[in-house]
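Worksheet: one structure, shown below.
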Amino acid sequence: MGDEEKRNRAITARRQHLKSVMLQIAATELEKEEGRREAEKQNYLAEHCPPLSLPGSMAEVQELCKQLHAKIDAAEEEKYDMEIKVQKSSKELEDMNQKLFDLRGKFKRPPLRRVRMSADAMLKALLGSKHKVCMDLRANLKQVKKEDTEKERDLRDVGDWRKNIEEKSGMEGRKKMFESES
């Protein structure tokens, strides 16, 4: 067992040594990468941003500040004018859209409810209260009388089946049955 423990310790020591070497290599690579990025940043700034040239006297610096303030004021005025134009045009667009909807009649209509109305009430609503129109649709129909057929008469004669059963139940009912047969 002692031999195996020594081997395990040697393996773990070797692993730790390899990890530390790998971390050192990675750290140097990161430093090189940061240095390269900083150099790229300096090159980009040198190409795209001209160096600042400061005039020597205080009067020249004040003059430069006045010029810059004048440019800022001009830019602000243009910005304000553009905002006003945009607001006007958007308001005109809204008004034109509203007129377009008015002309088309595309208002949101409320849902209609179903109302039961007789023909007389409908005509009264359409024509007004001055005109009196009676639309009794049943008046024009033919009247048909129902003729009794033989089957219907027989059914009426039989009557309610409960009555027949009650009459035939008991001794008197059976007596009547025998008397009627003979």
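Glycine residues also receive a Cβ, built from the backbone N, Cα and C atoms like all the rest.
Lifted from Swiss-Prot, the feature list:
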- 2-48: region 'Involved in binding TNC' (REGION)
- G2: N-acetylglycine (MOD_RES)
- T12: phosphothreonine (MOD_RES)
- 97-117: region 'Involved in binding TNC and actin' (REGION)
- S118: phosphoserine (MOD_RES)
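Comparing S118 (phosphoserine) with the residue listed as 'phosphothreonine', their Cα atoms are 101 Å apart once rounded. For G2 (N-acetylglycine), applying a Cβ distance below 8 Å and a minimum sequence separation of six or more within one chain yields no residues. Taking DSSP states H, G and I as helix and E and B as strand, the region 'Involved in binding TNC' (2-48) has 47 helix, 0 strand, 0 coil. The number of other Cβ atoms within 10 Å of the Cβ belonging to T12 (phosphothreonine), over all protein chains shown, comes to 10. S118 (phosphoserine) is surrounded by 11 other CB atoms, counting those within 10 A of its CB over all protein chains shown.
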